[in-house]
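According to TrEMBL, the protein carries these features:
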- His62: active site, proton acceptor (ACT_SITE)
- Asp63, Val66, Gly68, Asp70, Ser72, Glu84: Ca(2+) 1 binding site (BINDING)
- Pro156: substrate binding site (BINDING)
- His187: heme b binding site (BINDING)
- Asp229, Thr232, Asp237: Ca(2+) 2 binding site (BINDING)
- Cys31-Cys110: disulfide bond (DISULFID)
- Cys64-Cys69: disulfide bond (DISULFID)
- Cys116-Cys305: disulfide bond (DISULFID)
- Cys194-Cys218: disulfide bond (DISULFID)
- 1-20: signal peptide (SIGNAL)
Amino acid sequence: MKSITALFLLFCFLVPSALAQLKFAFYGPSCHRAGSIISTVVANSFRSDPSITAALLRMQFHDCFVTGCDASLLIDPRPGRPSEKSTGPNASVRGYEVIDEIKRQLEAVCPGIVSCADIVALATRDAIKLAGGPSFLIKTGRRDGLRSNPADVNLPGPTIPVSASIQAFAAKGMSVNDMVTLIGGGHSVGSIHCSLFQDRLNDPAMDRSLNAQLRNTCRAPNDPSVFLDQRTPFVVDNAIFGEMQRQRAVMRIDSNLAFDGATRGIVSSFAQSNSLFRQRFAQAMEKMGTIGVLTGRAGEIRRNCRVFNNGR
């Protein structure tokens with residue numbers, strides 16, 4: 001018991017210290033072009049593929065919710081050395097080439113300065129704005145992690161009960177409001193493969209017309225995908241919360257959020273006000289970006305986001 005208490009107290013002292021080292025315009029003196037380079041690469045990618053917003057949102061969530069926002073998800077597996085990228089939940093994460101291009105350009109002008117973890121956070125922020133979502137400032141100064149182990153990956157799945165989802169988010173310091181905001185906001189863009197929502201198709205409460213439409217799409221071979229938000233699938237907005245209330249949510253967790261006693265009020269408030277959703281989504285994204293961050297002398301600044309500097 002004493003060791004657990006000591007560890008908890010150590011955590012309490014270390015976390016505020018780490019967050020205190022994150023600051024706005026961290027790269028101003030050392031790489032003043034960092035922001036413009038990141039914005040340009042993301043904008044170019046968005047023009048050719050608007051779904052990149054969904055990809056980057058998912059990438060950041062899957063990174064931060066494992067060992068913290070340390071770019072450990074970006075490490076490539078090697079023979080005899082699997083990484084977080086090797087696991088099933090991360091198999092469909094994409095957008096790595098955008099991060100690679102940003103890193104390539106930054107290394108050309110500011111070698112060894114900008115972390116991959118900060119690139120992910122800033123690129124996702126820029127992609128959200130391009131997709132009609134809120135603009136917000138992000139403190140930077142994250143460093144890249146030195147560990148990427150598939151055993152660490154324990155991400156909430158699409159059929160997780162609301163109570164279990166609340167616990168998963170609480171373990172990362174996120175509130176119920178944060179959870180609803182991030183799940184809904186993240187699912188306001190992007191798509192999902194048919195194999196991942198078969199349980200929802202068997203739900204008699206689901207909107208009949210949508211159910212028929214989805215069943216028809218899912219009859220095609222090779223596990224096709226469908227939009228998560230049927231109204232505005234490329235826009236980060238509050239439309240999906242109204243869809244949840246009308247039983248037009250594709251994923252089980254989205255549907256459950258609209259009717260669970262702990263979350264239905266939050267869903268209703270977002271469905272009624274896009275401005276409220278935008279405000280809370282910006283706050284929740286900023287908060288998520290501070291989970292488990294490494295700063296100061298911890299971690300490293302990778303030269304290649306896919307490989308540890310020592311080549312491990």
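Placed from the backbone N, Cα and C atoms, the Cβ positions cover glycine too.
Residues near His187 (heme b binding site) in space but far in sequence (CB under 8 A, at least 6 apart, same chain), listed by position: Leu228, Asp229, Ile240, Met251, Asp254. Using CA atoms as reference points, the recorded positions Cys31, Asp63, Cys110, Cys218 were checked against Cys69 (disulfide bond), and the closest is Asp63.
Relative to Cys305 (disulfide bond), the binding-site residues with Cα atoms inside 10 Å are Ser72, the candidates having been Val66, Ser72, Glu84, Pro156, Thr232, Asp237. Between the listed binding-site residues, namely Asp63, Asp70, Glu84, Asp229, Asp237, the fewest other CB atoms within 10 angstroms of a CB are found at Asp237. Geometry remark: Thr232 (Ca(2+) 2 binding site) versus Asp63 (Ca(2+) 1 binding site), CA distance 26 Å. Local packing around the Cβ, expressed as the count of other Cβ atoms within 10 angstroms, is greatest for Val66 among the recorded positions Val66, Cys110. Ranking the binding-site residues Asp63, Val66, Asp70, Ser72, Asp237 by Cα distance from Cys31 (disulfide bond) puts Asp70 first. Taking Asp70, Glu84, Cys110, Cys116 as the recorded positions under consideration, the smallest Cα distance to Cys64 (disulfide bond) is found for Asp70. Apart from the site residues Asp229, Thr232, Asp237, the chain places the Cβ of Ser188, Val189, Arg231, Pro233, Phe234, Val235, Val236, Asn238, Ala239, Ile240 no farther than 8 Å from the centroid of the site's Cβ atoms, the recorded Ca(2+) 2 location.
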